[in-house]
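Shown next, in structure tokens, is the structure this report addresses.
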Ligand SMILES: [Fe+2]
């Protein structure tokens, strides 16, 4: 997930020109107007995937990344920033806070869709890597065995959820805080398990824009390609280790002084 504050870019309300020549007189004027406008607004930047756009080929093409990340993800970021210009109450939130706050207990504010889609896509890009696939490791594998019976069972459940999702949405492996177990969940449109306070471990984008260019409507082929060649289990394993800091999955182990 990374620090989402890395994702925030601060701009003065009155933009400076960094790219074109500005005369000394104009610079003085800009400086004066900059001093007069002390208000600063937080904008969110478009994070780049942790690999080049052609790195996931042939399982996810450069063209898909150009359209999916370069157009759709970018549009969510730009749409969110435009909305935030008009809403002082949302100033200064981390992206996690923004998603939870704008979900507004099930009555989403207008900013929710863009905020959640920015969060979801950042998380999705970081759920894949070139040469992915294979198996989860360490504690994550043990917990999958415990909660699903086996990795094969988990994979079947994840695939079934992806293929039975109606319309656009996401499939997730989450750690449920209250139940203290892993679960597969699916969400519609922009909804993310963050809003129910569950901890996402892995996600798969099941919007048509994620697979149509490479797989047309063969969703099963897309899900299998993700599982066999793209999923980055190391990232999921690290997320699980972090999640365990907040959810006690065993007997308390209190150190004795
Ligand atoms: Fe997407």
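Glycine is no exception: its Cβ is also placed from the backbone N, Cα and C atoms.
Copied over from TrEMBL, here are the features:
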DOMAIN    44-128  domain 'Manganese/iron superoxide dismutase N-terminal'
BINDING   68, 121, 205, 209  Mn(2+) binding site
DOMAIN    139-236  domain 'Manganese/iron superoxide dismutase C-terminal'
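Locations of recorded TrEMBL features on the structure.
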residue : record              : DSSP (3 states)
68      : Mn(2+) binding site : helix
121     : Mn(2+) binding site : helix
205     : Mn(2+) binding site : strand
Exercise. In the structure shown, which of the binding-site residues 68, 121, 209 has the fewest other Cβ atoms within 10 Å?
Worked result: 209
Problem set entry | Helix-strand-coil residue split for the domain 'Manganese/iron superoxide dismutase C-terminal' (139-236), DSSP-based | 52 helix, 24 strand, 22 coil
Exercise. Taking the Cβ of residue 205 (Mn(2+) binding site) as the centre, how many other Cβ atoms fall within a 10 Å radius?
Worked result: 25
